[in-house]
Each structure stands twice: as C-alpha cells, then as structure tokens.
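Quick look at what Swiss-Prot lists:
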type     : residues      : note
SIGNAL   : 1-18          : signal peptide
DOMAIN   : 76-393        : domain 'Peptidase A1'
ACT_SITE : ASP94         : active site
DISULFID : CYS107-CYS114 : disulfide bond
CARBOHYD : ASN131        : N-linked glycosylation site
CARBOHYD : ASN249        : N-linked glycosylation site
DISULFID : CYS272-CYS276 : disulfide bond
ACT_SITE : ASP281        : active site
DISULFID : CYS315-CYS352 : disulfide bond
Amino acid sequence: MKMLLLCVFSALALTNDALVRIPLKKFRSIRRQLTDSGKRAEELLADHHSLKYNLSFPASNAPTPETLKNYLDAQYYGEIGLGTPPQPFTVVFDTGSSNLWVPSIHCSLLDIACLLHHKYNSGKSSTYVKNGTAFAIQYGSGSLSGYLSQDTCTIGDLAIDSQLFGEAIKQPGVAFIAAKFDGILGMAYPRISVDGVAPVFDNIMSQKKVEQNVFSFYLNRNPDTEPGGELLLGGTDPKYYTGDFNYVNVTRQAYWQIRVDSMAVGDQLSLCTGGCEAIVDSGTSLITGPSVEVKALQKAIGAFPLIQGEYMVNCDTVPSLPVISFTVGGQVYTLTGEQYILKVTQAGKTMCLSGFMGLDIPAPAGPLWILGDVFMGQYYTVFDRDANRVGFAKAK
C-alpha cells in the first residue's frame, strides 16, 4: 500500500512538473484607451474587424495567408523570451492566429509603435540564425511587415529551438502605439500561418517539450484580483475549474473552429437556428456574430447603440437581464447579465457595455461566431491538438 501511494504521489508530482505556467496580465484594451482620450478607434485605424477572418480555404493543404485582426479588444498578455540569453517580450497568446512576431531593432525611427516597445536584437543572441524571408500581414489599409528570423523561444521553463518568427520593421496604425503588448504569439493551426512558418506550439509538439499536446487558458474576469489569468502548456489545472470538461471536435483545422448547436436569449429569442460555426479566440475580448443576429440580441437585452459599434445598457437593469445560452456538443453553457455586460469607467462615469458585437465575416470563412474572453472567462478552456478538440469546464 505504501508503495502504491508513493507511485500515486510521484505521478502527481510529474503531472504538476510537466505543466508549464505562464502568468497572464489583464490590461485596459486599446479601444478603451482610445475612447478615454476622446478618439474613435475606427477613425484612427480605418480598419475592419473582419479582416483577420476574411480567408479562403483551398482544397489543397497549402498554407492560407491570414490577415491580422486589429487587437483593439485584446485584454490579456504574458511574457516570452527570444534569443540566448532571452530578450523579454510581452505578447498576446492568440488562438485566433498562427504566427509569432515582435518588433525589430531595425525598425524605422519613424515607427512610433516600435520605439515604444521592446525590440529584438539578433546581434545580442548566440543562437540567432538568419533567414531573411519577407514577412507581411495585411492590416487595414497598410501591412505589418519585416522579415523572418530564427532563434530560441523561451516560454516559462520551456526553450523551443529553431523557432521562426517575424521581426517587424513596420507597424501601421495607432493600435500598436497604444498597445501594452509588444507582439503576438499565434496558437492556431499551421494552415493559416503566413509564409508557412511552423507555429510555436507545433514546434513544442515536434520537439516533445510537453507530455500532452494540449494547452489551456484560465482568464480571471475579476478586475480586482491577481493574476489576470494563466496559460498552461501541457495540461489543465483543477484549481481553476469545477466538474468535468465537455469536449467538441474541431470542424476546420485552421482556427480553433467548432460547431454550435444553438443559442438563445432567455426564452424570448432563438439564434443560430439549425447550428452555426464558431471560433474560440483568446485574442478577442468580446463575443461576436453576424450583425443581423447580434442586433436582435441587443434589442432583446434592451441595449442601445453607441457610435463605435458598441451597445450599452442601463446599469440598473443588469441583474434582471435574461440569461444567454449556448448549446455546444449537447451541453448548455450559460452567461448571466453580470457575466456578459462589461462595466467600464470613462470620464469618471461607469458605463455598462454589451459583451456582444456584430461582425460579418464573408464566405468562405464565414459566417462565424467568435467566442472571445467574455465566454472563455466563465469557462476554463482546453485546446487539444492530439485529439483536435476543444473542451470547456466551469471556471472557478
């Protein structure tokens, strides 16, 4: 019996040691920062939310170039290192894209976004390998551009060898000037990777850095507590969830795309009738969907439009708002008014904004719903590359 207990405790220790933990910090989104300064994000960026998802999906297995979303509503970031010794960068761990990029020391002096962030210096790394392939991701009316380089990428205790990444020498628009993060680390499938670069997690898998080829997100929605969240590579942590995971298969291995059976606003409105496709996206704060359906949802919860595509409700009504439910894989996931309404302070006043926004993603990629942090904050989410599935459990 003693030997059995010893084996059990050894296995538990191995499981804990095998998990790579990356603390996540929550920051005020770019949209909120711009709004606080009296600027309209849409005016400054001349951008379209759907750019990232406006993709074609060819019959072949050739990589599909993606276009960068604007990250106006990204809220969580963590730290990685590039090079030897590691040069620190803060990045959005984004399940809605597949490339890693950071600003380059060789960026233009006129690139204000670059000047305000950490920059990769290949000359200070003993493991740098030159590549030089042109790297560009379309971004609104301009493009984020630079070239590929190869170096060691450090995430927590993991050192990923020979990781290709983009050194950005040009970052368009105001978004990245206001950003609290330096770059993006994409965690979606290789199919949407620009230049066919192997995503970081694919290299983690091929180099056998984790025991299980899964990663999971805990996103803390309480603004008054720390940490902001945690990304775990190699498994899940029961301290962040209750009950069991319910899994649903990935329907298209590009984004983390799944099938949603139906949605409902209380008993007064049905959405996604007959089923619909959705992306689980850690790099998006809100829940988005086809504008016609989202407009009906906003009406059902008594929300009225603001000038930036956002909707607001009377804060006094939040406790009595209808529950919004999502049926996925036969399992019902619910969000209460307190969970899908975002309370923000602007000019000393508290506003209650809807956590839903209309977004029309054209075919062949769309139409799509996007389950961002408003959803993931309530349901601890695991992304399983071994079984190509996504799992949800109630977050603590």
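Placed from the backbone N, Cα and C atoms, the Cβ positions cover glycine too.
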Other C-beta atoms that fall within 10 angstroms of the C-beta of CYS276 (disulfide bond): 18
When distances run from the Cα of CYS276 (disulfide bond) to each of the recorded positions ASP94, CYS107, CYS114, CYS352, the nearest one: ASP94
Cα distance (Å, whole number) from CYS352 (disulfide bond) to CYS107 (disulfide bond): 40
CYS107 (disulfide bond): tally of other CB atoms within 10 A of its CB: 21
Integer average pLDDT (0 to 100) for the domain 'Peptidase A1' (76-393): 93
Position of peak Cβ density within 10 Å, selected from the active-site residues ASP94, ASP281: ASP281
Per DSSP, three-state class assigned to ASN249 (N-linked glycosylation site): strand
Inter-residue Cα distance where the pair is ASN131 (N-linked glycosylation site) and ASN249 (N-linked glycosylation site), in Å: 36
Glycosylation sites compared (ASN131, ASN249) - highest count of Cβ atoms within 10 Å: ASN131
Residue with minimal Cβ packing [other Cβ atoms within 10 Å] among the disulfide-bonded residues CYS114, CYS272, CYS315: CYS315
Integer Å distance between the CA atoms belonging to ASP94 (active site) and ASN131 (N-linked glycosylation site): 24
Spatial separation of ASP281 (active site) from CYS272 (disulfide bond) - C-alpha basis, Å: 18
Of the recorded positions listed as ASP94, CYS114, CYS315, CYS352, the one whose CA lies nearest the CA of ASP281 (active site): ASP94
